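Working notes for the structure below.
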Amino acid sequence: MVNLRGYNWKSQQLLLFLIIVAAWEAGSGQLHYSVPEEAKHGTFVGRIAQDLGLELTELVPRLFRVASKDRGDLLEVNLQNGILFVNSRIDREELCGRSAECSIHLEVIVDRPLQVFHVEVEVKDINDNPPMFPATQKALFILESRLLDSRFPLEGASDADVGSNALLTYRLSTNEHFSLDVPPNHEQVKPLGLVLRKPLDREEAAEIRLLLTATDGGKPELTGTVQLLITVLDVNDNAPVFDRSLYTVKLPENVPNGTLVIKVNASDLDEGVNGDVMYSFSSDVSSDIKSKFHMDTVSGEITVIGIIDFEESKAYKIPLEARDKGFPQLPGHCTILVEVVDANDNAPQLTVSSLSLPVSEDSQPGRVVTLISVFDRDSGANGQVTCSLTPHIPFKLVSTFKNYYSLVLDSALDRETIANYDVIVTARDGGSPSLWATASVSVEVADVNDNAPLFAQPEYTVFVKENNPPGAHIFTVSAMDADAQENALVSYSLVERRVGERLLSSYVSVHAESGKVFALQPLDHEELELLQFQVSARDAGVPALGSNVTLQVFVLDENDNAPTLLGPLANGVGGTMNEVVSRALVPGQVVAKVRAVDEDSGYNAWLSFELQPVAGGVRSPFRVGLYTGEISTTRALEETDALRQCLLVLVKDHGEPSLTATATVLLSLVDSGQTQKVSSKVSAGASRVDQRLVDVNVYLIIAICAVSSLLVLTLLLYTALRCSATPTDGACAPGKPMLVCSSAVGSWSYSQQRRQRVCSGEGPPKTDLMAFSPSLPQGPSSTDNPRQPNPDWRYSASLRAGMHSSVHLEEAGILRAGPGGPDQQWPTVSSATPEPEAGEVSPPVGAGVNSNSWTFKYGPGNPKQSGPGELPDKFIIPGSPAIISIRQEPANNQIDKSDFITFGKKEETKKKKKKKKGNKTQEKKEKGNSTTDNSDQ
């Protein structure tokens, strides 16, 4: 029963131990021990293995070891019994100084598994340090004349221990003259001191020795002592006295070294050495005063030895001391007040504070740009500063308060005129001479989008040959924007409109960045002679600004159309016609006529006719007019001539390369009687055809009248709308191309500056209708005014077909065939010209056209040149077979006007088809009348 109880008790004890260990480990895992300082080697500290719950047998296998953050040799663990003991001397004052808490921190490390335990060992203080005075002996000199209760400070003792071991108490050896004044422990300001309780008498006791003892609060108590040696001094009854207690001196700044400031004097009523006075600065004088002033100890003179600067110090207060040579020395005191007088030796200082830079160019006047502060270290008028600005700038200074100015905007800014202002601010003080300083403020003007892109000119004229490849670069527009950065980033676009039935963008495009204009498809001069459109340039600003430029693209003709034969010949480049010719014709009689037209213009539409030679070298009795296409006899027809004459007429233009068409003309030679029979049959057939044509023409006339009326009304309405609209809409814009034409009197310049504006609305521009005011070069100066040509030039629209070719010119009643050969006369508007002076007349079309320079040269010959100041009597219109005569009228009859002259506009395809149908009937009539008809009806 006893054993069971003992077993249960042991089990409970073990369980309690395990619970404690678990609770210990669940805590911080730390052990706390304490040990007094100066403990001997081997002093027991604690059973660390047991307290950590480690078996003694595990210490070595698990590599039990102790590490210390402090000195690691102070404590050690016995691995045999698991006891922590003192290994070496522990000095708390050496380890922790005067700290109230002192501990040694250990880390216990075991392996398998690895565990770390923290152990804190508190080192307790013991009273092992006695109080210590700074010296073992202290000497004091006290005048015998000192009053009672005079206090003489003493330096106390110190104890290296802490806590109660460092609490000190003092006691003074017994005497009748002095008592000890000990302040409470919490008062650290008032030192330990001796208090005079009884007057001193040097003749009774010249020297007094006292012992001061300090005792700490430890157990046992430790003490420290100091020997006080008090010497009683004889009395020097009179101290030196200055004339005044305060001297005031004014000293200019920047005076040279050696300048006398003042000479002081002090007197002593004593005699002997007690009356001899020595001067000096007081002991509390600053080192700054000593570096600037020197005191003569004998004479009492104060001189300057350093730099006196008013801005550094406006006044110096110098305490002086005069001592006699008695024992003890008695001092006398006075004060020297040196007032420094300011000199204008400091220039103003400017400080610029940037607030809102850069400044937007649309800023309103009054906006504050920068704050400027000024400061002058001088005083009075020398420190009064005024500021001014660079003249002729849009800024001004506004004084906000003392020594502060605001740089404000005074007028409007324009970055495109001046992008940056270097504002010079000048500050000037009121001294004499005046000092000044400057500061530069760089004001950058920030850009706003206030400038639209601008083209170099409002209109460009571009000449492009037809049949260009798709995507061909035809022109480059460029606009300049005076703004900066994204406000100057220009993009280009087309101003879209309709050109006929199609959009402008189907013809051309413009590159948004480079401004290059490209033709998207081959251009056809016969379809579109002038393409007028606008290109818009817009910048990338917000809001975006833009402008437009007008491009007039003239499509230059190329020889891409062969001559086309007109009825009764078949359409195309070849055809056959039959004619009956009487053998009784006289030489030069016109028997037939080949009609042809070329859809090109200029030289490319100038047609010539050639008769191909007959096979076998037989000379044909017929010839063909070079430019008229008229077939006429060269001699009288003979019986030997073949009854059927087959003539091959080659029609070719003057393009490069030349294109041709061939007409076959079959002539049947008959006698005069047979000719009348054939003619009557032809006339009868023609009359029936004419009757049918008359009926058709009536309907055509009615239809044409109706369409014309509708067209006139439409044009009137359109003209009214266009007059009320802006002139830049559609295709109406002034152009400035210069056309230079060569004539018999030299070069003629046709300026478009006075050209009448031709508006084509939203449809394709009909650029063949152009008006020029002829400008002739000035002749030599003369008193007589040279006669000017009448600018009333009119060319009938009925001759438009003749502007492309030399077809059927006899219909105008102008051309006459001479009996003598191929010489021809080209018609003018007013009358037929006489025989040319020599050779063939100049081509009636714009011969010699240079597509690059647009210089027209008429006539291959060298005609007679007109004299200076004279005007040509005729010239040739490009694309026209006519020579225009200029009527010389008196000066008072001149009318300042310009009319339209057509430049080779082709007939529309539908009109040509109708004309071909009408020409078939007309040719039938001509076959019967060819023997007698020498001119066009």
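Note: Cβ is positioned from N, Cα and C throughout, glycine not excepted.
Residues or ranges marked as domain 'Cadherin 2' by Swiss-Prot: 157-242.
Summarising the annotation, Swiss-Prot assigns domain 'Cadherin 3' to 243-350 and lists sequence analysis as the type of evidence. According to DSSP, the domain 'Cadherin 3' (243-350) comprises 10 helix, 48 strand, 50 coil.
Swiss-Prot lists 351-455 with the feature domain 'Cadherin 4', giving sequence analysis as the kind of evidence.
Marked as O-linked glycosylation site by Swiss-Prot on the basis of experimental evidence: Thr223 (among others). For Thr223 (O-linked glycosylation site), the Cβ neighbour count at a 10 Å cut-off comes to 14, with all displayed protein chains included.
Around the Cβ of Thr225 (O-linked glycosylation site), 16 further Cβ atoms fall within 10 Å across all displayed protein chains. The feature O-linked glycosylation site is assigned by Swiss-Prot to Thr225 (among others), with experimental evidence given as support.
Counted within 10 Å of its Cβ, the other Cβ atoms near Asn257 (N-linked glycosylation site) come to 12, all protein chains included. Residues or ranges marked as N-linked glycosylation site by Swiss-Prot: Asn257 (among others).
Sequence-distant neighbours of Asn265 (N-linked glycosylation site): residues of the same chain at least 6 apart with a C-beta under 8 Å from its C-beta are Phe242, Asp243, Gly300. Summarising the annotation, Swiss-Prot assigns N-linked glycosylation site to Asn265 (among others).
As annotated by Swiss-Prot, O-linked glycosylation site applies to Thr438 (among others), with the evidence given as experimental evidence. DSSP assigns Thr438 (O-linked glycosylation site) to a strand.
Ser478 (O-linked glycosylation site): 14 other CB atoms within 10 A of its CB, across all protein chains. The O-linked glycosylation site feature in Swiss-Prot is assigned to Ser478 (among others); the stated evidence is experimental evidence.
Annotation comment: Swiss-Prot describes Asn548 (among others) as N-linked glycosylation site, evidence class experimental evidence. In the three-state DSSP scheme, Asn548 (N-linked glycosylation site) falls into the strand class.
The annotation repeat 'PXXP 2' is assigned in Swiss-Prot to 786-789.
Residues belonging to the repeat 'PXXP 3' (819-822) score a mean pLDDT of 37 in the model. Annotation comment: Swiss-Prot describes 819-822 as repeat 'PXXP 3'.
Annotated signal peptide per Swiss-Prot: 1-29, in sequence order.
Residues annotated as topological domain 'Extracellular' in Swiss-Prot, with a curator's inference given as evidence: 30-697.
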In which DSSP state, out of helix, strand and coil, do we find Ser478 (O-linked glycosylation site)?
coil
If you run through the domain 'Cadherin 4' (351-455) with DSSP, how many residues end up as helix, strand and coil?
4 helix, 55 strand, 46 coil
Taking Thr438, Asn548 as the glycosylation sites to compare, which has the smallest set of other Cβ atoms within 10 Å?
Thr438
Reported as an integer number of Å, what is the Cα distance between Thr438 (O-linked glycosylation site) and Asn257 (N-linked glycosylation site)?
33
Spatial separation of Thr225 (O-linked glycosylation site) from Asn257 (N-linked glycosylation site) - C-alpha basis, Å:
55
Integer Å distance between the CA atoms belonging to Ser478 (O-linked glycosylation site) and Asn548 (N-linked glycosylation site):
11
Please count the residues of the domain 'Cadherin 2' (157-242) that DSSP assigns to helix (H, G, I), strand (E, B) and coil.
4 helix, 36 strand, 46 coil
